[in-house]
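Listed features, source Swiss-Prot:
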type	residues	note
DISULFID	Cys37-Cys85	disulfide bond
DISULFID	Cys60-Cys81	disulfide bond
DOMAIN	37-85	domain 'BPTI/Kunitz inhibitor'
SIGNAL	1-27	signal peptide
SITE	Leu39	site 'May bind Kv1'
Amino acid sequence: MGTARFLSAVLLLSVLLMVTFPALLSAEYHDGRVDICSLPSDSGDCLRLFEMWYFDGTTCTKFVYGGYGGNDNRFPTEKACMKRCAKV
């Protein structure tokens, strides 16, 4: 039972790295931190249907979020997205 649990954890970690690593490569960094507004939209891994907003580099755009996973370029409202990401 212990070996199966360990292999499941390794598999889960591998999948998470495969999903996360490309997004991190495409992100912009400032002072060593990821600029979340430069991350691509990511609907996540589940099949729920939450209407959210992401910054596409120019403006905030609606997308459907699955409810789990994804990245931090995800906001509950257009106003929250613009407040965080729009450059004035």
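Sequential numbering from 1, following the chain as shown.
Note that Cβ sites are derived from N, Cα and C of the backbone, with glycine treated the same way.
Comparing Cys85 (disulfide bond) with Cys60 (disulfide bond), their Cα atoms are 8 Å apart once rounded. Counting in whole angstrom, Cys60 (disulfide bond) lies 12 from Leu39 (site 'May bind Kv1') by their C-alpha atoms. Helix, strand and coil counts from DSSP across the domain 'BPTI/Kunitz inhibitor' (37-85) read 10 helix, 13 strand, 26 coil.
For the pair Cys81 (disulfide bond) and Cys37 (disulfide bond), the C-alpha distance works out to 9 angstrom.
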